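Just below is one structure, and these are the notes that go with it.
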């Protein structure tokens, strides 16, 4: 009898351990992810949910960052030679495998395709917390500006964004968490969220850091998603955030989390000259 009890206890412990491991895995999977990651380890990403189609001339700074010629993430034109995206979009990828397509409303056709010559990932990027989620891309060829290709404005170092500021996020990511990437560029208007409120919302996932900015509606419904990662969050013509991570997509009570651009303005200038 004692042997049977011991066996049952061992089985129970194994079942509990397995359940805890699965729960922990689910928590890891809420982090944002590219639509096609060169190093897929967890879900880390964002897509446009509850938004509307736009022409690229409405967001001429928008680029599609492509891994082996397939849409992977978004990005923003900073100058004729530099693009800003998320570090989790470039981690583990060689520059030779990356290109950007820009000047088109479709990520798979039109516009111009330019090779990436160099990736400058932020030295403090933390893949577990998605902190310092920034990468600069130096392009092989200089861009020619037009109505459909323009650099985005940048904030000053440590410039703040007031709570409730209306912002616009754009990209080709999913319109549903399990859907395919959008063929046509989309955007959504979302207000910024108080930092303490956002930190509380994500407390079970470790909270948010000072490098992070949150935007979205309490009731959900509008957000970025897988495939939008690395893309722009713009307010008054300035790039205030980079699509980074979140719990699901457009989930009530969980705003989208973006990498705050103002805190690395000097780093951008030092490494790109922009």
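Any Cβ shown, glycine's included, is placed from N, Cα and C.
As annotated by Swiss-Prot, active site, charge relay system applies to 88, 133, 229, with the evidence given as similarity to another entry. Residues or ranges marked as disulfide bond by Swiss-Prot: 73-89, 198-214, 225-249. Residues annotated as domain 'Peptidase S1' in Swiss-Prot, with sequence analysis given as evidence: 48-273. Annotation source Swiss-Prot lists signal peptide at 1-18, citing sequence analysis. If you look up Swiss-Prot, you'll see 223 marked as site 'Required for specificity'.
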Relative to the Cα of residue 73 (disulfide bond), which of the recorded positions 88, 133, 198, 214 has the closest Cα?
88
Rounded Cα distance in angstrom between residue 229 (active site, charge relay system) and residue 89 (disulfide bond) is 7
Rounded to the nearest Å, what's the C-alpha distance separating residue 198 (disulfide bond) and residue 133 (active site, charge relay system)? Just drop the number here, would you?
18
Reduced DSSP assignment, residue 198 (disulfide bond):
helix
Rounded to a whole number of Å, the separation of the Cα atoms of residue 88 (active site, charge relay system) and residue 133 (active site, charge relay system) comes to 6
Can you give me the Cα-Cα distance between residue 89 (disulfide bond) and residue 133 (active site, charge relay system) in Å, rounded to a whole number?
9
Please give me the CB contact count at 10 A for residue 88 (active site, charge relay system), counting all chains in the structure.
30
